[in-house]
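Q: Structure incoming, see below.
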Amino acid sequence: MEILSMVGLRLSLKQRYCLLLCVAVGAILAYRFTRNRPEVVRMKRAEGLRANSSQFTLEGKPFHILGGSIHYFRVPRAYWEDRLLKMKACGLNTLTTYVPWNMHEPERGVFNFEDQLDLEAYLRLAASLGLWVILRPGPYICAEWDLGGLPSWLLRDKNMKLRTTYPGFTDAVNSFFNHLIEKVVPHQYSKGGPIIAVQVENEYGSYAKDDEYMPFIKESLLSRGISELLLTSDNKEGLKLGGVKGALETINFQKFNPKDIKYLDEIQPHKPKMVMEYWSGWFDVWGDLHHVYPAEDMLPVVTEILKLNMSINLYMFHGGTNFGFMSGAFAVGMPAPKAMVTNYDYDAPLSEAGDYTTKYHLLRNVFSQYHAQPLTVLPPHQDRRAYQPVSIQQHLSLWVSLQFTDKAFKSERPVSMENLPVNNNNGQSYGYTLYETTITSEGTLNSKNNIRDRALVYVDKHFVGVLDYKTQELAVPYGKGKRTLSLLVENCGRVNYGKTLDEQRKGLVGDIELNKNPLRDFVIHSLDMKPGFVNRLEGTGHWISLRRQRPSFPGFFQAKLYVNSSPKDTFIKLPGWGKGVVFINGRNLGRYWSIGPQQTLYVPGPWLHRGNNQVTVFEEQETDGRIQFSSSPDYGMSVDVQ
């Protein structure tokens with residue numbers, strides 16, 4: 001500034017203004033484009049987010065956090081900017097996001113921070129749009145995400161104690177944080193970046209199995225260079241056990257209860273109050289109804305929170321999609337877990353496909369009152385198309401597809417998918433596992449409740465029935481000689497919340513019996529349906545035209561979607577199908593299941609291209625041979641959140 005003052009003696013007011021503007025632009029460009037060059041000096045900041053009184057301060061001035069959650073891993077990268085611009089236009093000033101460990105370290109020691117998982121690009125984008133960031137790096141994130149974001153390979157250790165100071169867990173956390181936090185540190189506020197706060201773990205008060213765990217996670221962040229304000233996040237009950245010294249406690253809820261706010265004030269007097277997760281809607285599970293949280297119920301609560309001068313984060317502001325096999329499962333207060341659906345629309349202010357909702361417009365009116373300047377203009381609506389239906393052209397039996405999987409594994413006893421010697425000895429994380437053995441008699445097949453989560457049962461490739469948590473016995477029909485018993489077991493999603501995380505191994509997790517005799521000598525095929533496998537299938541000459549032969553189930557089915565102009569978002573509808581998975585141009589869109597509530601799958605336009613697009617469907621039991629498209633989603637019959 002001294003140099004500017006000296007130069008200013010010889011420059012006009014207009015010239016000085018232009019020079020200052022150039023300096024500011026230069027600082028922003030330095031942040032956006034030189035993050036990998038530590039020698040570049042960034043714009044210095046004096047004082048970040050502080051919680052030293054009843055109100056947050058930023059640079060020593062009162063600061064009101066108006067936040068919203070958008071998870072980069074649930075939104076196609078091509079749409080990151082659109083969703084963040086819509087967030088800013090709603091009057092929010094802060095983006096919150098989780099970091100999914102299981103995506104960033106799919107195999108032990110193998111890290112992925114590229115393309116859809118380029119966290120640094122997401123942080124730079126937020127900064128360029130003028131949004132602050134609260135980062136929630138876990139290692140556990142809940143999020144209705146498989147195993148709460150923890151990698152399944154942790155469960156190869158039979159003694160594993162997740163979310164504790166058990167050495168097998170802390171060693172893995174340390175390795176992950178060595179890679180993650182190194183990338184995060186340069187994007188902190190003090191370094192010229194957008195991160196104003198970092199959350200220590202997530203809702204630990206609802207787990208609370210180890211008093212030393214939260215201090216360990218806090219120290220893991222601090223020792224690696226995290227210097228911004230630390231937070232914890234819990235519901236009212238969790239506040240009793242979820243905090244850690246040196247981190248501000250925040251609360252999560254949906255329905256307003258003054259007693260909850262009073263309690264937060266009592267345990268943490270003279271500190272700013274924040275609702276870290278104000279639940280704007282709710283999640284759905286297969287076989288249930290679609291949950292909605294009416295705008296007329298939500299708005300008074302948000303208004304009251306703001307009137308009390310509390311900060312708020314809308315969870316979710318935009319939910320997005322659980323692409324692939326990443327959705328979790330819910331088990332609290334239930335005899336058996338219920339799997340989450342593929343969409344994560346959440347009845348949020350911005351829909352799964354990024355559409356404005358009634359909630360959005362009402363919230364925008366409320367948040368606008370907390371800005372001195374008018375809000376930015378609303379970004380344009382994304383066009384969508386209901387493409388013409390396409391017919392299945394060819395099919396491939398599951399049994400034929402096995403030759404394109406990794407080598408089969410032989411085992412005397414059943415082995416859970418996590419313990420299979422596949423994926424460089426990291427086990428199988430997601431998808432299906434096929435267990436086959438030889439039987440010589442008919443009788444009663446009993447799962448002993450060792451199937452996780454659902455098995456299609458075949459004898460000599462003829463369908464016999466389904467075994468799951470409810471149905472644990474099946475009659476095996478009479479037949480002569482040796483026959484092959486096959487169990488195609490699906491991991492429907494690991495529980496993401498509650499105290500059963502250590503018990504989330506999938507596949508066959510123990511013996512199954514025929515006439516009370518444990519079955520032995522299995523041949524096990526891993527069917528995780530990764531992109532490499534799907535691409536190998538598409539390139540094979542084993543596909544059979546539906547005109548030549550009726551399809552056998554389970555199987556893969558192919559069709560071509562021709563797009564003659566710029567691709568647009570759409571939704572796939574499969575009313576004549578049962579249960580399975582859809583791939584578009586090799587990308588896994590997620591699961592469908594006729595039991596609902598969800599009846600459509602979101603297809604992002606950027607994942608399509610002009611010309612022919614390959615649609616591959618894995619279907620378990622039935623098809624009418626047609627794939628339909630819609631310009632709007634169908635989430636099923638709705639029910640208000642209770």
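From the backbone N, Cα and C atoms, a Cβ is placed for every residue, glycine too.
Keep in mind the model is a prediction, meaning the values are calculated, not measured.
From TrEMBL, for reference:
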- 55-369: domain 'Glycoside hydrolase 35 catalytic' (DOMAIN)
- Glu203: active site, proton donor (ACT_SITE)
- Glu277: active site, nucleophile (ACT_SITE)
- 427-528: domain 'Beta-galactosidase 1-like first all-beta' (DOMAIN)
- 554-613: domain 'Beta-galactosidase galactose-binding' (DOMAIN)
Q: In sequence order, which residues at least six apart in the same chain have a CB under 8 Å from the CB of Glu277 (active site, nucleophile)?
A: Ser69, Ser233, Asn252, Phe253, Asn313, Tyr315
Q: Near Glu203 (active site, proton donor), which residues of its own chain have a C-beta under 8 A away, given they sit six or more steps off in sequence?
A: Cys142, Ser233, Asp234, Asn235, Gly238, Gly242, Asn252, Tyr497
Q: Mind tallying the domain 'Beta-galactosidase 1-like first all-beta' (427-528) by DSSP state, helix then strand then coil?
A: 3 helix, 51 strand, 48 coil
Q: Mind checking how the domain 'Beta-galactosidase galactose-binding' (554-613) divides into helix, strand and coil residues in DSSP?
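A: Residue counts in helix, strand and coil order: 3 helix, 34 strand, 23 coil.
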